[in-house]
Amino acid sequence: MGSLETERKIVGWAATDSTGHLAPYTYSLRDTGPEDVFIKVISCGVCHTDIHQIKNDLGMSHYPMVPGHEVVGEVVEVGSDVTRFKVGDVVGVGVIVGSCKNCHPCKSEIEQYCNKKIWSYNDVYTDGKPTQGGFAESMVVHQKFVVRIPDGMSPEQAAPLLCAGLTVYSPLKHFGLKQSGLRGGILGLGGVGHMGVKIAKAMGHHVTVISSSDKKREEAMEHLGADEYLVSSDVESMQKAADQLDYIIDTVPVVHPLEPYLSLLKLDGKLILMGVINAPLQFVTPMVMLGRKSITGSFIGSMKETEEMLEFCKEKGVASMIEVIKMDYINTAFERLEKNDVRYRFVVDVAGSKLIH
């Protein structure tokens with residue numbers, strides 16, 4: 001099928017400088033290529049990474065920038081060589097919309113580790129034009145980087161799974177931590193952390209939430225179903241909990257000591273880092289050596305893992321805790337997210353929003 005029109009003008013909400021303030025912005029989408037899928041956006045999750053990007057925290061931002069990388073929408077048109085999707089399908093798009101296809105990670109179907117991966121926004125596509133994200137009417141994405149949303153899963157529920165859910169699922173799978181009966185720790189109870197509790201519990205793990213204060217105890221235990229709650233500043237409780245956990249998923253995005261958490265791990269336990277921190281973290285080597293422990297990291301997940309994770313969440317009834325907003329609330333939502341004032345993920349109802357004032 002050919003393209004719907006020669007030049008496709010759409011409206012998104014973009015940041016134009018490092019203040020990070022979003023406002024309506026009109027731009028062009030490329031034609032639907034042979035392997036492209038043209039998607040009308042329904043919902044888009046709001047991730048902490050969006051703030052880093054719109055405010056140029058990583059020093060790599062280009063403006064105007066339309067953020068949003070937890071995108072769920074409906075297929076409006078498919079290219080002539082598209083085999084996996086048809087018009088009317090509900091699909092998802094995550095953090096990546098392109099890769100080189102030739103390197104070891106690409107050939108191993110872990111394209112998120114490709115050194116030439118193309119981000120869904122704040123990047124340059126193969127045609128030389130900037131990529132723009134899901135806080136917009138539509139996107140055009142290569143079929144390789146589109147996933148099917150399972151029947152019966154609502155768009156607003158599916159959106160946060162495409163980043164927060166995947167970020168937790170991928171390392172648990174890769175490091176052989178999916179089997180039931182394991183003891184896991186979740187450090188930090190934000191968007192990724194709350195999905196960590198839910199997914200780990202769905203895998204049959206005994207889950208301990210670790211936090212710097214007692215204020216999220218009821219939330220963790222009563223609402224998210226954690227088995228235990230540990231306050232990291234409570235020395236006695238931390239000592240009692242030593243050598244008990246098979247893994248800890250560390251979602252904290254600011255500098256923090258690692259040694260208190262390394263002490264909680266069993267022999268061969270893994271501390272899996274997921275918070276984006278552009279400053280050195282410290283630990284003393286005996287903490288790792290004497291228990292053959294690992295400090296490792298993980299970055300989102302592959303397209304294959306995304307589809308697996310969505311099916312897993314559907315089968316196990318795993319759902320994100322979300323607050324649905326309209327697009328004109330996005331700047332307030334970012335302010336609240338910076339203060340951790342959300343349970344636990346904002347999702348923009350893009351299709352139900354008036355994008356132009």
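A Cβ is built for glycine as well, from the same backbone N, Cα and C atoms used for every other residue.
According to Swiss-Prot, the feature Zn(2+) 1 binding site maps to CYS47, HIS69, GLU70, CYS163, an assignment based on similarity to another entry. Within the same chain, residues at least six positions away from CYS163 (Zn(2+) 1 binding site) with a Cβ under 8 Å of its Cβ are GLY45, CYS47, THR49, HIS69, GLU70, GLY94, VAL95, ILE300.
Around the Cβ of LEU189 (NADP(+) binding site), 25 further Cβ atoms fall within 10 Å across all displayed protein chains. Sequence annotations record features per position, and here Swiss-Prot assigns NADP(+) binding site to THR49, THR167, 188-193, 211-216, THR251, GLY275, 298-300.
Cβ neighbour count for CYS103 (Zn(2+) 2 binding site) (all protein chains, 10 Å cutoff from its Cβ): 15. The feature Zn(2+) 2 binding site is assigned by Swiss-Prot to CYS100, CYS103, CYS106, CYS114.
For the recorded Zn(2+) 1 site, residues CYS47, HIS69, GLU70, CYS163 set the reference point as the centre of their Cβ atoms, and the other residues of that chain within 8 Å of it by Cβ are CYS44, GLY45, VAL46, THR49, ASP50, GLY68, VAL71, GLY94, VAL95, ALA159, PRO160, LEU162, ALA164. Listed in sequence order, SER99, CYS100, CYS103, PRO105, CYS106 are the same-chain residues six or more apart from CYS114 (Zn(2+) 2 binding site) with CB atoms under 8 A from its CB. Here the Cβ of HIS69 (Zn(2+) 1 binding site) has 27 other Cβ atoms within 10 Å, regardless of which shown protein chain they belong to. Under 8 Å, Cβ to Cβ, and six or more positions away along its own chain, GLY275 (NADP(+) binding site) finds GLY188, ASP250, THR251, VAL252, PRO253, VAL254.
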